[in-house]
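Asker: Following this message is one structure expressed as C-alpha cells.
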Amino acid sequence: MFPPSSAPLLLPQLEELVVPLHTAFTLTCQGEATIAWDVPLDVPEKTQEDNSGLFVTTISVDSASAMHTGYYRCFYRRNATEDADEAMQSIYVYVPDPDVPFVPLVVPFGNHVLSDHEEMEIQCRVSDPSANVTLINVDTQQPVPCMYDSKRGALGVFTAGTYVCKGVVNGAEHYSEDYIVHGWIGGSGLHVELTAKHTVLLVGDTITVNCLAQGSEILEDHWKYPGKVANRAIKTVHENKKDQEILYTLTVPQASVKDTGIYSCSITDVVTNMSQTKQIAIRVYASEFMSIQPKFGEYESAELDEVCEFRAEITSFPTASVTWFKDSVPLSNVTAEISTSLQKLSETSYMSVLTLIRAKEEDSGNYTMRVKNGDQSRTVSLILEVKVPAVIVDLMDIHHGSATGQSVVCITRGQPTPLVEWFVCKNIKHCANDTSSWVPLPVNSTEVTMDSRFDEDNNLETQVIFGHLENTLAVRCLARNEMAAVSREIKLVSNGPHPELTVAAAVLVLLVIVIISLIVLVVIWKQKPRYEIRWRVIESVSPDGHEYIYVDPMQLPYDSRWEFPRDRLVLGRILGSGAFGKVVEGTAYGLSRSQPVMKVAVKMLKPTARSSEKQALMSELKIMTHLGPHLNIVNLLGACTKSGPIYIITEYCFYGDLVNYLHKNRESFLNPKPEKSNKKELDIFGINPADESSRSYVILSFESKGDYMDMKQADNTQYVPMLEISNASKYSDLQGSNYDHPPSQKGSNDGEMDQLLSDNMSEGLTTNDLLSFTYQVAKGMEFLASKNCVHRDLAARNVLLSQGKIVKICDFGLARDIMHDNNYVSKGSTFLPVKWMAPESIFDNLYTTLSDVWSYGILLWEIFSLGGTPYPGMIVDSSFYNKIKSGYRMSKPEHAPQDVYDMMMKCWNSEPEKRPSFLGLSDTIASLLPSSYKRHYERVNHEFLKSDHPAVTRVCVDNDDAYIGITYKNQGKLKDRESGFDEQRLSSDSGYIIPLPDLDPISDEEYGKRNRHSSQTSEESAIETGSSSSTFAKREGETLEDITLLDEMCLDCSDLVEDSFL
C-alpha cells in the first residue's frame, strides 16, 4: 500500500460554509488511513472503507444551531502531532441564529484573558458572518481599536478591565457576555485565610464562613462542609482588585445541630496550579446554656483602703449580660470608686470582675452578680465586710443639771461593731494621771442603768443614766474592736436646783411654739388654691408665634345685651359644687321666642368667695362673650351681674359629662344589643321626621333627671327654690319654637346618621359614636383656636353630652372639688391636670393651641378606652415626669382603630410644631366616619347659626328689636299671640319664688313643703328681696303677654352692672 498523502480530502472543498438554522448538514473526509475529527461540538461520525482501500468518514448534524459554529478539521490519526497546517484539512461552518448572535463559550474560564502585553484574543465569535462587531470597554463605554476576525474574535493588546462585543445584524444590536482581561497574575505564592463570623451558634442561626484568597485573578474554590450533600449552603464571590484578593463566602441559613463540624476551603491558582486548604470548626447548639463559677466565697472581708477584686467565670451562649448590685441597687448608681468589667476569654467563656479601688466603710454590704441570657437568669452573691477601726463620734451629757438624774451618751462606729465599756473616776484631780482611779461602771445597778441602740446612720448609741449625783465625777467611754481601741472622757457636775433656767426654758419653748404656729398658718393660707379660669385668650408677640402673652380678660368689653333680669331666673337643684363655687340647675323665662321656658345651668361663686375669685368669674364671663356661639361648646345664654352675686347662665346638657356617659354605656358597647327591625327612623338629632315641623333645632330643657357631670355631687336633698309647673303645662306639652328647621329629605345614607347622632340612648354605643364625639370636639377646639383661645384643661370630664349626641366643650373647674380630685395634682398654690398636659406645659409652663392638641390626644385615649383614666396604674411622681421626658407614650386602647391610635401618637409628638392642627384632626376623623356624616354636621351647624338660639341672637342682633328676657315691640306681641303664645299658661296654683342672693340649698322635705305652700313662700320671698317693683309673681289668670309687659317695664332696670368687675 502506498503511503498516504500529507492530508486527507475534506468535502465540500470550501473555506467556510453557512448552514441555515435548524437544518441538516454533512461533512465528509476521505483518505488513505484512519481519519480523526476536531469539531466544536460532539457529533456522531461514521467511518467505512470502500473497495479501493480509501477510508471515508462522515459527520452529520440533523438540526444545526449556533453551538455548531466553528472550525471542523479532519486529519490522519497517526499524524496528530505533525504540523497542523500540513496534516489537516478544515472548513469553518456558520449557523446564523438571531437569538444567539455570539457563539457561547464551552471552555472553563473562557471569558478570562491574561494580559501579557502581547497580542491577545477575546473570543467573541459570531454565528452570522454578516455581523458588524465592535469591541466596547465596559468601564469607559468607549469603542476599543482592534482587529476583528469572525472566526477568532477581537485581536489586539488590551489593558486590564472588562470588555464586551457589540454586534449589529440586520440593524439590530446584540451584546456578548463580559470578557475580563486580568492585569495582575499574583505574587510569588498563594495565601488563604479562613474565618467565621461566629463559630458557636444556636439552631436557626445563619452560619457564615469567609475564605479570603490572595494569588492570581483566576482561582478556583472548593468547599467541604457537613451539609454539602444536601447542598444547603449559598456561595458568593467578591473580588477586590485594589488589594488583589478574592473573598469567597459560604452561608448556611437556618443552621441545625447536623451542621456542626469542620468547614474546609480549598483554593487553586489556575495560573500557577498551586492550591491551599484551610479548616475551621463550627458548633451549633440546640438551646441556650449558661453556668457561673464564682472565685469568691459567700462571706468576704477587706481592710480599709484596700484594693479588692472579686471574679466569677461565666460560660454562656449566646452572650450574657452581667449586672452587679449592691444592696439591690445597681452599682453604677452607688459610687464611682467601684468598677465592674467583663473580659471575653472565648466565644462562650467570660470573666466578670468586681473591683473596689479603695475599700471604704460604706462599701460593706451585700453584692449580687446577676447574669441574664435570654429567658435564663442566675445570681451569685457575697457579703462584704470592710473592717474599720473603732472611733467615738461623740460623747455628751444630755440632762446636765436635771433633778431626776443625768444621762451620758457615747456614739461609736466601726466594723465590726465596737464593744463599749464604761469607767468612772470620782477623784477628779487624779483622773488624768492615775489610771488606777478609773473603775468599771457596774451594769444596771440601782443607781445606774445602761441602754444601747443603732441610730439612722448605723452608729451605736450607748447611754448611761445616773441617779442622783452627790459629787462631781468623770465618765470614760471605751470603744474597741479588732482594729483599734479608743476612749473619751466627760465630767458630770452634781445635781442642783436651777429654777431660773426652768422658767426661761418654758418661756422659750412657748415662744417657739407660737412662732411655728404663725408660720404654719401663713404657709397654709398662701398655699390655699385660688380659683382661676383655665381658658385663656393669647396674643402672639413674635413673628414665628413662639412668644405670646395672655390677654387680660378684664380688659375685654362686657356687652350689656347679655344681661338677663334676675327675676326671670328660678334656681333649682345643685348639679355640683367645688372649692370655689357651684353649678345649679335653673329655669329661665323669656330667653328665646321659640322657647319661653328653658332649662339652663347657672354658675355662681360661694358666699365666702374672695374678690379675686369674683374677678376670675367675671373674666370667664368676658371670655365667653368674646368667643361667641358654636355648636360644640357650652354656649353662654346670659348673665346676672347687677344687684347681687354674679350668675353665668349657660346651656344645660342633659346627659352630663362624657366620662360618666362612657362608663354607663360601656356594657352596651362591649355587648351591643341586636337592632330592632321596627325601630322608628330618626333624623340626626333623634327627632321623629313626622314631628320635625313642630320641633326646634335642639331641645335645651328636659323634664327628666340625669347625671350632669363628674364632680363633687351635692346632697340630693338640697335644692334652691324653683318654680313648680303643673302637670297640664309641662315642657313636653309646649308648642314648637320659632327656630324650627324644615323637615329633612333623608337619603340612603341617613341610616348611618340615625345611629351616630340619635337621641335614643338605648341604641347602645358604637365605634362610630366614639368617632363622632372626637370629630365634634375637634371642631369645637378648632373654633377656640380660631379665637386665639387656649383651653388648658381639655379632658373628657370637661366635655358634656346634650340631646342628639352632640358634645360640648366646657370648663367646670369652678364647681369641681379639685383639692380632692385625683385628676389634679398640687403645684404651688394651684392644682393642675398633669396627666392631660403637654410636656412644655408641665416643665416650661407654656400653653398654646399645640399644647391643647396634646390634651386632645389624651382625650382620644379616654374616649376609646370607654372612660379609662390615662396612664393607668401610674402615679404622678418624679418617675412619671422622667418617663414623659424620655418619650414614654400610652399603648393603643382596646377599642381604638389603628388610624385613631396613629392620630394619638401624632398629637403626642414631643416637638409641638410637628403636632397636627385641629383643622387637620377634624378632617382626618371625618375620613373615618360615614361619607354623609360631615354633610349632616355642616347642615346642623348651619341651622344652629340661623336659629334664634339665645347664644346666636345676642351676637347677631344690634338693632332696636333686640330683647332681654322677652322684651318685644308691639308687633312682636301681636306675632306671639298669632302663633299661640297666649295659650301658654302657667298653673294657677304655682307660685313664683324670687331667689335670694347665694341662698343656701334647702332639703327635699322643706322643698316639698314649699311646693304645697308655694303662694305663701312667694310672698315671703318677695318681701325679703326688697324688690317688689320687679317681682315676677304670677297670679291666676296671668298670660305670657302680661309677663312680656312686665319684662318691658323692667328692661330699663337692667342697664346697670357692677362696675368693679367690668
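The backbone N, Cα and C atoms fix where each Cβ goes, glycine too.
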Asker: Select one of Lys599, Lys603: the residue that Swiss-Prot places in the ATP site alongside Leu575, Gly576, Ser577, Gly578, Ala579, Phe580, Gly581, Lys582, Val583.
Answerer: Lys603
Asker: From Asn79, Asn727, name the one Swiss-Prot lists as N-linked glycosylation site.
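Answerer: According to Swiss-Prot, the N-linked glycosylation site annotation belongs to Asn79.
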Asker: Between Cys146, Cys165, work out which one Swiss-Prot annotates as bonded to Cys124 by a disulfide.
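Answerer: Out of the candidates Cys146, Cys165, the one Swiss-Prot links to Cys124 is Cys165.
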Asker: If you follow Swiss-Prot, the disulfide involving Cys265 connects it to which of the following: Cys211, Cys308?
Answerer: Cys211
Asker: Out of Asn333, Asn760, report back the residue that Swiss-Prot marks as N-linked glycosylation site.
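Answerer: Going through Asn333, Asn760 one by one, Swiss-Prot flags Asn333 as N-linked glycosylation site.
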Asker: Based on the record in Swiss-Prot, give the one of Cys425, Cys431, Cys477 in a disulfide bond with Cys410.
Answerer: Cys477
Asker: Give me the long-range Cβ neighbours of Cys265 (disulfide bond): same chain, 6+ apart, Cβ under 8 Å, in sequence order.
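Answerer: Listed in sequence order: Val192, Leu194, Val209, Cys211, Asp221, His222, Trp223, Tyr248, Leu250, Thr277, Lys278, Gln279.
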Asker: Take the C-alpha atoms of Asn366 (N-linked glycosylation site) and Cys124 (disulfide bond) and report the distance between them in angstrom, rounded.
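Answerer: Checking the Cα atoms of Asn366 (N-linked glycosylation site) and Cys124 (disulfide bond) gives a distance of 80 Å.
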Asker: For Asn273 (N-linked glycosylation site), which of the recorded positions Cys74, Cys124, Cys410, Asn433 has the nearest Cα in space?
Answerer: Cys124
Asker: For Cys29 (disulfide bond), list the number of other Cβ atoms lying within 10 Å of its Cβ atom.
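Answerer: Cys29 (disulfide bond) is surrounded by 27 other Cβ atoms within 10 Å.
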Asker: Specify the nearest of the recorded positions Cys124, Asn132, Cys410 to Cys74 (disulfide bond), where nearness means the distance between Cα atoms.
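Answerer: Comparing Cα positions, the closest of these recorded positions turns out to be Cys124.
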Asker: Are there any residues in the same chain, six or more apart in sequence, whose C-beta is under 8 angstroms from the C-beta of Asn132 (N-linked glycosylation site), and if so which?
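Answerer: Looking at Cβ-Cβ distances below 8 Å from Asn132 (N-linked glycosylation site), excluding near sequence neighbours, one finds Gly167, Val168, Val169.
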Asker: Do any of Cys29, Cys124, Cys165 (disulfide-bonded residues) have a CA within 10 A of Cys477 (disulfide bond), and if so which?
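Answerer: So the list is empty; none.
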Asker: According to DSSP, collapsed to three classes, what secondary structure does Asn273 (N-linked glycosylation site) have?
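Answerer: Note: Asn273 (N-linked glycosylation site) is coil by DSSP, not helix or strand.
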Asker: Can you count the other CB atoms that lie within 10 A of the CB of Asn366 (N-linked glycosylation site)?
Answerer: 12
Asker: If you run the three-state DSSP split on Cys124 (disulfide bond), which class comes out?
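Answerer: In three-state terms, Cys124 (disulfide bond) counts as coil.
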Asker: When you measure from the Cβ of Cys165 (disulfide bond), which residues in the chain that are at least 6 apart have a Cβ under 8 Å away?
Answerer: Phe102, Ile122, Cys124, Val133, Thr134, Leu135, Ile136, Gly153, Ala154, Tyr175, Ser176, Tyr179
